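Let me begin by presenting the structure, written as structure tokens, before commenting on it.
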Amino acid sequence: MAKNTAIGIDLGTTYSCVGVFQHGKVEIIANDQGNRTTPSYVAFTDTERLIGDAAKNQVALNPQNTVFDAKRLIGRKFGDPVVQSDMKHWPFRVINDGDKPKVQVSYKGETKAFYPEEISSMVLTKMKEIAEAYLGHPVTNAVITVPAYFNDSQRQATKDAGVIAGLNVLRIINEPTAAAIAYGLDRTGKGERNVLIFDLGGGTFDVSILTIDDGIFEVEATAGDTHLGGEDFDNRLVNHFVEEFKRKHKKDISQNKRAVRRLRTACERAKRTLSSSTQASLEIDSLFEGIDFYTSITRARFEELCSDLFRSTLEPVEKALRDAKLDKAQIHDLVLVGGSTRIPKVQKLLQDFFNGRDLNKSINPDEAVAYGAAVQAAILMGDKSENVQDLLLLDVAPLSLGLETAGGVMTALIKRNSTIPTKQTQIFTTYSDNQPGVLIQVYEGERAMTRDNNLLGRFELSGIPPAPRGVPQIEVTFDIDANGILNVTATDKSTGKANKITITNDKGRLSKEEIERMVQEAEKYKAEDEVQRERVSAKNALESYAFNMKSAVEDEGLKGKISEADKKKVLDKCQEVISWLDANTLAEKDEFEHKRKELEQVCNPIISRLYQGAGGPGAGGFGAQAPKGGSGPGPTIEEVD
């Protein structure tokens, strides 16, 4: 085998997994304990550092110095509410170093602090070593997966962790996308299929909808909950047994970290047992103050303890379907990913939601992501095997991208959930006469007004030759590449003069929570936004109409065809409306519409006389055929704004 083998690593919140694509198929590699998944745990003792199973196995003896959940810290600030709330549940200490969280442990008798990237890099090093032991040669190239909603700093930090571990990170890819690749390889040549990936892991929950067509994957929508997974089910069991211990023995063990940790380990084991049996027993010797704790739990009781959590997995499913504009009947395949999808109740809820549809469990849920990452790694290394040759991968823009137009309106060029890479072009124009330049302000978000969205950057296109408003044509292009880098270009069509801005993901892009918040708020505020949008559009319509009427009667070509009195009447009324507009920019929609009707009553009779008589015998014939009260339809004037 060539020495430049690339591996795929699923760096999970609680467990990680590594795979390699060779001899035309994927091998998921077992660690030295014979396990195909390895705990994402790092432990520090007086004598050594342990990673994986060894770290997790001694956690009850050494809770303060056993670090897990680094994925919940990576790429986040110390002040992040997520970090603050998670810290309450961790037995290890997290300290603040310049608003960056660090994990503080005692190692070989000294106090040490590590960045989350460093902890994750230790897990990645372990995965790299597992692969090297299997392949028999050093490995440097890897594809690492992250949750679909990781923001740029989280992705960057994960990449950094790979670099610290001595890996050349070929690409960071989304976990659901990786699972889809794993799935797509098994399923080629069936026409276009919509696949829903339901990924319930140890710490996170992601739902993704993909379209797979002839080897091409498109991500149609993603949704999820950063804080739902197997650990939450363990917590429910732990709380249940802490209460039971209180009832039976009148003692509270919740403050004793070692007791809680031993109980948690037993609960996790019981939970796994309940996926295949209807009852599980716990036997913990000398759990607290010498008391042995022997008890049992039924599957039904476990399901009841977690019923709200299980049910809540369906909300993101509904949201993803809405975003992908699909009905549940249009989903061809349901794919289960993540160890927690082995729970029968979770499977049943999903199956019932999709009216009894079969679930695809053909891929081992723990291994699907690493499987796909291994395939992607082979593609990026140029593997010539026909199994991977024609596999393409398309991602989506998580938020709409657009620019600000008159009145602070958000005009989206690239809609949310558009497949990237993509390129969209639209023509805009000037807002006032002889305007020398335009300010292009680029925003992301779902709200109607830019002030409620997130400003990504701005630039000016100057040197526009003097011209009446609405005449210059400015072509604006939004071009977003496969890595999510956005280029915005503005070109003045008359001069060919252009200017551009490049917005990379790290320029204040939003985190998953913010994206979710914006999307939720957008739904909540949709009604208010609609009113505002209509108001601005009524204002713009009135303004355009006034300026158009003004320029129509001032047209040199009409000299002598319109009486000075009529001309003055129109100009005065237009001027009155324009002044009123300047003074009343915040008027309501119906006020703008009322003003427009007033203006039309003055202008329409005059303009229609003008156009009806346009081919008539000289100017004299006009008076005779003027329709009373302007019953002739006014001209339809195209609005340019």
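Cβ atoms here come from the backbone N, Cα and C positions, even for glycine.
According to Swiss-Prot, the protein has these features:
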MOD_RES   ALA2  N-acetylalanine
REGION    2-386  region 'Nucleotide-binding domain (NBD)'
BINDING   12-15, LYS71, 202-204, 268-275, 339-342  ATP binding site
MOD_RES   LYS77  N6-acetyllysine
MOD_RES   LYS108  N6-acetyllysine
MOD_RES   LYS246  N6-acetyllysine
MOD_RES   LYS348  N6-acetyllysine
REGION    394-509  region 'Substrate-binding domain (SBD)'
MOD_RES   ARG469  omega-N-methylarginine
MOD_RES   LYS561  N6,N6-dimethyllysine
MOD_RES   LYS561  N6,N6,N6-trimethyllysine
REGION    617-641  region 'Disordered'
MOD_RES   SER631  phosphoserine
MOD_RES   THR636  phosphothreonine
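All features noted in Swiss-Prot, drawn onto the structure.
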{"residue": "GLY12", "record": "ATP binding site", "CB count, 10 Å": "27"}
{"residue": "TYR15", "record": "ATP binding site", "CB count, 10 Å": "25"}
{"residue": "LYS77", "record": "N6-acetyllysine", "CB count, 10 Å": "16"}
{"residue": "LYS246", "record": "N6-acetyllysine", "CB count, 10 Å": "13"}
{"residue": "ARG272", "record": "ATP binding site", "CB count, 10 Å": "15"}
{"residue": "SER275", "record": "ATP binding site", "CB count, 10 Å": "18"}
{"residue": "THR341", "record": "ATP binding site", "CB count, 10 Å": "23"}
{"residue": "LYS348", "record": "N6-acetyllysine", "CB count, 10 Å": "13"}
{"residue": "ARG469", "record": "omega-N-methylarginine", "CB count, 10 Å": "18"}
{"residue": "LYS561", "record": "N6,N6-dimethyllysine", "CB count, 10 Å": "17"}
Based on DSSP, name the secondary structure state of ARG272 (ATP binding site): helix, strand or coil.
helix
How long is the line from the C-alpha of LYS561 (N6,N6-dimethyllysine) to the C-alpha of GLY12 (ATP binding site), rounded to the nearest angstrom?
79
Tertiary neighbours of LYS108 (N6-acetyllysine) (same chain, Cβ under 8 Å, six or more apart):
PHE44, ASP46, THR47
Secondary-structure category, per DSSP, in which LYS246 (N6-acetyllysine) falls
helix
In the three-state DSSP scheme, TYR15 (ATP binding site) belongs to strand
Which has the fewest other Cβ atoms within 10 Å: GLY203, ARG269, the binding-site residues listed?
ARG269
Between the Cα atoms of SER275 (ATP binding site) and LYS348 (N6-acetyllysine), what distance do you get, rounded to the nearest Å?
12
GLY203 (ATP binding site) to LYS77 (N6-acetyllysine) - Cα separation in whole Å
19
Between ARG272 (ATP binding site) and LYS348 (N6-acetyllysine), what is the CA-CA distance rounded to a whole number of Å?
17
